[in-house]
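Participant: One structure coming up, written as structure tokens, with questions to follow.
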Amino acid sequence: MTKLLIALILFSICWKPYSAEPIASFFDGLDSRNECKARLDRRLTGFSGLLYSHSKYGQEPYNTSRNCVLMLVAPIGYSIRVRALQFDVASTENARTCEKDTLHVFDHETTLDPESYAPARIDDITSPGPIIGQFCGHFENRILNTSSHNALTLWWHSNPNGSNSKGFKLHWGSFRVSKTGNCVTGEFSCGNGECIPIESACDRFADCSNGEDLIHSRQMAANCQNIELDPLTTVSGVFVLLFSATIILSLCGFIMFVCCLCKCLKSTIPIKGASSHTTTTTATDYKPDPPQFYPPSPPKMPPPSAASSYTPRLHHHFEGPLVPSETSAFHSSNRMQNHYSVNSDINGDYTYVRNDVHRNLL
């Protein structure tokens, strides 16, 4: 059970389902479709898209000495809204004037046919309409401008001096304002009177001005197929509560198991210094420990004085013949007494003791 819960958690973290991405284009690209052009002969048509300042956005600063013009055209009946997701363009101290590198926005005064590359009027070639915005500096997630009809023209130019700024990443989308407040089939209602194409509601970018198209429940109600789901935010509160309780109980059970295991291992480990045979000892197996002490040494007697010229010698106490009438017991005791008795010197100067000599020799 614990392994299954861990697998679900890892799956919810690592799982990133496919989400619909708008088509990405570049002001200053490497191929012919994204080539920088200085005239109104390049168009991007559709419901929405992403637009980068240059092909190596995020890797290198934008290119210098660029003069690129690009037209955005939506289906007839829709307007265009441009949002800056990331914007980093070098500017002067007064960012309102944007005297150096600048992105200009022009609003067309007439409706353009998205199916035709020929302009509706010849004047559109040289005059895309009034300028409604110019941008530089640094900001994020900001709506730049909204068109009056179905077309906007963007003009991006950079000076030859160079800059370390990253450039910009724009998202443009189409919408229309419903007079009745209702959207037709194939559209998504933003809830504020705006309607957007259902394809735009199923991506991960805000096409509604209020961001209503990023709510997962609204996307699922619109039958969006390719949406990025977060399991922890799309499930019900009861499921989240049960899932959390299961994780907590599993952790408590694991902690209790570890504690019991440690307790069992501690009880089986023998104590240091304890005897392993405490109940099976017998009298035959018992061996007393040797004593941890030694008997005291005998006292040392002082050596005989060198001042005396007398050298002790062994006297023969039995120089004469023994009396035959003495009993064997008397003879034995007399011999023992003579052997260990104290003998005096003839002169009476020094007493010789056999035991003392033996002790000194030891």
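Counting starts with 1 at the first residue shown.
Placement of Cβ uses the backbone N, Cα and C atoms for every residue, glycine included.
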Participant: Choose one of CYS36, CYS98: the cysteine that Swiss-Prot connects to CYS68 by a disulfide bond.
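Facilitator: The record-listed partner cysteine is CYS36.
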Participant: Have a look at Swiss-Prot and say which candidate in CYS202, CYS208 forms the disulphide with CYS224.
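Facilitator: Among CYS202, CYS208, the record in Swiss-Prot lists CYS202 as the disulfide partner of CYS224.
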Participant: Among CYS183, CYS190, find the residue that Swiss-Prot gives as the disulfide bond partner of CYS195.
Facilitator: CYS183
Participant: Once near-sequence residues are set aside, which residues in the chain of CYS208 (disulfide bond), 6 or more away, have Cβ atoms under 8 Å from its Cβ?
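Facilitator: Residues satisfying the criterion: PHE175, PHE188, CYS190, GLY191, ASN192, GLU194, ILE196, ALA201.
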Participant: Would you mind giving the whole-number mean pLDDT across the topological domain 'Cytoplasmic' (259-362)?
Facilitator: 54
Participant: ASN63 (N-linked glycosylation site) to CYS224 (disulfide bond): how many Å between their Cα atoms?
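Facilitator: The Cα atom of ASN63 (N-linked glycosylation site) is 38 Å away from the Cα atom of CYS224 (disulfide bond).
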Participant: Other than its own, how many Cβ atoms are within 10 Å of the Cβ belonging to CYS195 (disulfide bond)?
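Facilitator: CYS195 (disulfide bond) is surrounded by 22 other Cβ atoms within 10 Å.
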Participant: Tell me, if you would, which residue among ASN63, ASN145, ASN161 (glycosylation sites) has the fewest other CB atoms within 10 Å in the structure shown?
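Facilitator: So among ASN63, ASN145, ASN161, the glycosylation sites given, the one with the fewest Cβ atoms within 10 Å is ASN161.
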Participant: With every protein chain in view, what's the tally of Cβ atoms within 10 Å of the Cβ of CYS136 (disulfide bond), excluding that atom itself?
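Facilitator: Taking all protein chains shown, CYS136 (disulfide bond) has 22 Cβ neighbours within 10 Å.
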